[in-house]
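**Student:** To start, I am sharing the structure in question, which I have written as structure tokens.
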Amino acid sequence: MKKKILLPILAFAILLTAIAVIFSNIKNKNKEPETTLETTTTQEETTTEPPTKAYETDENYTRKIDFDSLKATNPDVIAWVYIPGTVIDYPILWKEYDIEYYLHHDINHQESYYSVYMDGYSNSDFSTLNNIIYGHHMKDGKMFTDITKFKKEDFFKEHRMIYIYTPNKTYRLKTIAALYTDSAPERRQTYFDDMDYFHNYVDRMTEKCTFREIPEKGVNKIWSFITCSYEGDDTRTVLYAYELDDNDEPAQYDLSTIDFGEDHR
């Protein structure tokens, strides 16, 4: 008789225990996404961005940038880029023969996508015929996201000037063309046989931009601003520019000061 009474009680107890275990597992499972979200949020909030708009610009776009302070933070700072009418207002970093480190690190050497950096195969003094500068295309609109806007002719024509500040000089650049393209290594070429080869290169790199504006005199050096683009797989947006002299004409260079480069890649 006692066994008949105990069996239902024991079965009921086992059932309650099983229900409790199932409920506990469901509760813990529901909590996992919340924990993951909190971790992600914390990482985003602690990501260090480079200093932006830290310097006043007068009507002539001249600035006094404290490069000593910037280099104390990171000796790899070589310049500062500012494009009026965009959010692009950042220090430029550079490591010789390296194009990977600042792809994944910021000015404080923390893992981050918040960096603008120069190709390690371009010279840090901008003596290369093709001076290549990279920045990420960020969802929050920072870094080089605004470079993609230059593919629209109206925006391109309204934002022709780019300023590169260095400890010794301010480069006034004027845009030539903007387009999306593939990530072919040719876009990152920094070595050329001679000036004829270089001029042909500039023509080929910009020919698919329907509103390109290459000066009649031609250009003897270019700056390439590159970011990711999303028209297709592994595409890039490239904005090309050249330097202006004091008379707003294409800058001319002593050929002895130009580095035609070597293929170190």
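Every residue, even glycine, has its Cβ placed from backbone N, Cα and C.
Got these off TrEMBL a minute ago, pasting:
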ACT_SITE  His136  active site, proton donor/acceptor
ACT_SITE  Cys228  active site, acyl-thioester intermediate
COMPBIAS  36-52  compositional bias 'Low complexity'
REGION    33-54  region 'Disordered'
**Student:** Take the Cβ of the residue listed as 'active site, proton donor/acceptor' and count every other Cβ within 10 Å, whichever protein chain it belongs to.
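**Tutor:** Excluding its own Cβ, the residue listed as 'active site, proton donor/acceptor' sees 19 Cβ atoms within 10 Å.
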**Student:** What whole-number Å value do you get for the CA-CA distance of Cys228 (active site, acyl-thioester intermediate) and His136 (active site, proton donor/acceptor)?
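**Tutor:** About 7 Å separates the two Cα atoms.
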**Student:** Inside 10 Å of the Cβ of the residue listed as 'active site, acyl-thioester intermediate', count up the other Cβ atoms and send me the figure.
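**Tutor:** 19, counting other Cβ atoms within 10 Å of the residue listed as 'active site, acyl-thioester intermediate'.
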**Student:** DSSP three-state call for the residue listed as 'active site, acyl-thioester intermediate': helix, strand or coil?
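**Tutor:** Its secondary structure by DSSP: strand.
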**Student:** Could you tell me which three-state DSSP class His136 (active site, proton donor/acceptor) falls into?
**Tutor:** coil
